[in-house]
Amino acid sequence: MFGYDVGISGGVTSMDEFLAKFFPAVLEKKRAAAATESAYCKYDDQKLQAFTSSLYIAALVSTFFSSYTTMHYGRKATMLIAGIAFCLGVIFTAAAAEIIMLIIGRVLLGWGVGFANQAVPLYLSEMAPSKWRGALNILFQLAVTIGILFANLVNYGTEKMARNGWRVSLAIAGLPAIFITLGGILLPDTPNSLVQRGKHERARQVLRKIRGIENVEEEFDDILIASNEAAAVKHPFRNILKRRNRPQLVISMILQFFQQFTGINAIMFYAPVLFQTLGFASSASLYSAVIVGAVNVLATCVAITLVDRIGRRWLLLEACIQMFVAQTAIAIILALGLDGNYMPTYLGWIAVALICVYVSSFAWSWGPLGWLIPSEIFPLETRSAGQAITVSTNMVFTFLIAQVFLSMLCTFKWGIFLFFAAWVVVMFLFTYFFIPETKGIPIEEMDLVWTRHWFWKNYVPHPDTLAHPNGIPMEAMKTSKLEDGAANGHKL
Ligand code: BGC
C-alpha cells in the first residue's frame, strides 16, 4: 500500500487528463514551459505537490492513534484497520469527481499507510527468530519496492488508455489493501503482543507454531519479563523521553531524517516527471521509471541476503559512498548536458543508469534499515511509542520532500543533487560514530549494545546497576545469550 502510493503519484500527476480535470493551471504551465521556460520548472506547483504530500500528513497524524491500537488491541487489529481505511481511500480517489473527493481519499489512504507502517515492521520483528530478524523485517521494504514497481508498470499501461487511465491507476491500489485486510483477519498476532495483553496460553501456542518446536518456555519467559517491565511503564511517550532511552530515540528519528534526505523520494515520487525534465517523451519517462523500480526491488533482495551476515553498519556506510558518487555525477551531467529543454538522448540514458546506481545502494541500505533498526532497538515498554515516533518522523520528512522537491528542482536546478550528496556525507559520519551494530542480538537484550558503546554508554547505565522488577539481577539473565551472540562472530 505504501509502495504503490509512492510509485503511483508521479505517473498520475504527469497524465494530461488528470491535470486537465483537477489541476488545469498546471497543464497550461506545462504546455507553455515546453516552448519557453526552463525544463526544471515545468511542474512546480504547490497544489500539485499537495496532492502527493497530503497523504503523508494524514499518515503522520494517524500514527498517534495507531500506536494506541498496536499497544492495546494488537498488531493484527491495527493491520485490519489499515486495510479498511485504505480500501475506503481507494474508492474515494478512483471515483473522484471533484477535488474534495480526491483530498478525502488521500487522507484515508494516509490513515491506511500510517496504521500499516506502525504495525507491520513490529509484526515482522517480533515474529522473527533473532538470527533471521533482519532478513524477515526487510520483507516490509521488499513489499514497498514491489508496490512502487507495480505502480510504475500500471502507470506505463494506463498512460496509453484513451480515457480514465488515472482512475484505473488509483483503483488498483485496492489490491494490496485487500491483501492486508485478509491478513488482518487470518494471521495470528505476535507472541509479544499477546503476552502484553495477558493472553499467555495463546502466545505459547503461536510461539510453538512459528518456531516449530514444542518447548518454547525460554523465549516465552524472555517475552514475559520484557512484558512485565513494559507493564510497569504507564506512560510510554513520557518514558521514551527519559535519558536512558535517548540512544534509541535519537537514532530512530535521525535515521528517518537521513533516509528522506538521501533524496530517494525525489526519484520515487517524481521519476516520470524528472525523466520528462531530462527531455524524454511521456512514455519513455514512464518506461525509465519502470527500470528504476525494478532495480529497486532487486537490490532490496541483496539486503535480505546480507543484512544478518555482514551487518547493518557496513551496508549503511558502503551505500553512502555509492550514493555520493552517483549523485555528484548526475549533477555534473545535468549541469553540462541539459540545455534549456533539450538534452542529448545518450546523456539522458547515462543519467538513468546513474540513477539506478544510486537507487540500488539506497535499496540495500537506508531503505530497509531505516525501518529495521528502529523496530529492533526499542525495549517492549517503549516499542509501540518508538515505532509511532519513527513512522511520524518519516512521514514529516516524506511530506517535506514531496511538497518542496519540484520547487527545489526549479530553484536549484542540477544543484539539487549536490544538496542531497552533501547530506549523504553527514550520514556517513553519523553512522560511523553513532550507530552500533545490532546484528544477531536478541531483541529483548538490546540494552547491552548501548552500555558498551563509546558514546551511548553515558546514557544507558550498565545492567548490573539496575534492579529487575522480579528481583532477578538483569546481568544474570542476559550473559548467556550475549555470549551466544559473541560466539557467532558478533561484534558490538
Ligand atoms: C522509504 C520510502 C521510499 C522507499 C523507496 C522506503 O524505505 O521509507 O520513503 O519511497 O523506501 O523504495
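Just so it is clear, glycine is given a Cβ too, placed from its N, Cα and C backbone atoms.
Note: TrEMBL annotation is automatic and uncurated.
Mean pLDDT for the domain 'Major facilitator superfamily (MFS) profile' (1-439) in the predicted structure: 89. Positions annotated as domain 'Major facilitator superfamily (MFS) profile' by TrEMBL: 1-439.
Same-chain residues lying 6+ beyond the ends of the transmembrane segment (48-65) with a Cβ under 8 Å from its Cβ atoms: 5, 9-10, 13, 19, 22-23, 26, 85, 102-103, 106-111, 113-115, 117-118, 269, 388, 391-392, 395-396, 398-400, 402-407. According to TrEMBL, the transmembrane segment annotation covers 48-65 (among others).
Counting only same-chain residues 6+ beyond the ends of the transmembrane segment (77-97), those with a CB under 8 A from a CB of the stretch are 1, 22, 62, 66, 69-70, 104-116, 118-120, 123, 167-168, 170-171, 173-174, 176-185, 187, 189. Summarising the annotation, TrEMBL assigns transmembrane segment to 77-97 (among others).
The transmembrane segment annotation in TrEMBL covers 103-124 (among others). Among residues of the same chain six or more beyond the transmembrane segment (103-124), those with a C-beta under 8 A of the stretch's C-beta atoms are 1-2, 5, 51, 54-63, 65-67, 69-70, 75-76, 78-79, 81-94, 96, 136-137, 139-140, 170, 173, 177, 180, 190, 371-372, 374-375, 383-384, 387-388, 391, 394-395.
Same-chain neighbours of the transmembrane segment (136-154): 1-8, 11, 120-121, 124-125, 127-128, 168-169, 172, 176, 268, 271, 286, 289-290, 292-294, 296-297, 300-301, 303-304, 307, 363, 367-368, 371-372, 375-376, counting only residues six or more beyond its ends whose CB sits under 8 Å from a CB of the stretch. Look at TrEMBL and you will find 136-154 (among others) tagged as transmembrane segment.
Annotation comment: TrEMBL describes 166-187 (among others) as transmembrane segment. Here the transmembrane segment (166-187) has long-range neighbours at 1, 4-5, 8, 11-12, 15, 17-18, 76-84, 86-87, 89-91, 93-95, 105, 109, 112, 116, 147, 150-151, 154-155, 158, meaning same-chain residues at least 6 beyond its ends whose C-beta is under 8 angstroms from one of its own.
What TrEMBL lists as transmembrane segment is 249-273 (among others).
Residues annotated as transmembrane segment in TrEMBL: 285-307 (among others). Listed as Cβ neighbours of the transmembrane segment (285-307) (distance under 8 Å, sequence separation of 6 or more from its ends, same chain) are residues 7, 10-11, 14, 134-135, 138-139, 141-142, 145-146, 148-149, 151-153, 155-156, 159, 267-268, 271-276, 315, 352, 355-356, 359-365, 367-369, 372, 439.
What TrEMBL records for 314-334 (among others) is transmembrane segment.
Same-chain neighbours of the transmembrane segment (346-367): 141, 144-145, 255, 258-259, 262, 264, 267, 271, 275, 278-280, 288, 291-292, 295-300, 302-303, 306, 315-316, 318-319, 322-323, 325-327, 329-330, 333-334, 337, 427, counting only residues six or more beyond its ends whose CB sits under 8 Å from a CB of the stretch. Per TrEMBL, the feature transmembrane segment maps to 346-367 (among others).
Here TrEMBL flags 388-408 (among others) as transmembrane segment.
Residues or ranges marked as transmembrane segment by TrEMBL: 414-435 (among others).
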Among the recorded stretches 249-273, 314-334, 388-408, which has the greatest number of Cβ pairs closer than 8 Å to the transmembrane segment (414-435)?
314-334
For the transmembrane segment (388-408), give me same-chain residues lying six or more residues beyond its boundaries with a C-beta closer than 8 angstroms to one of its C-beta atoms, as numbers and ranges.
9, 43-46, 48-50, 52-53, 56-57, 59-60, 63-64, 66-67, 114, 117-118, 240, 249, 252-253, 255-257, 259-261, 263, 265-266, 269-270, 273, 370-371, 374-375, 416, 419
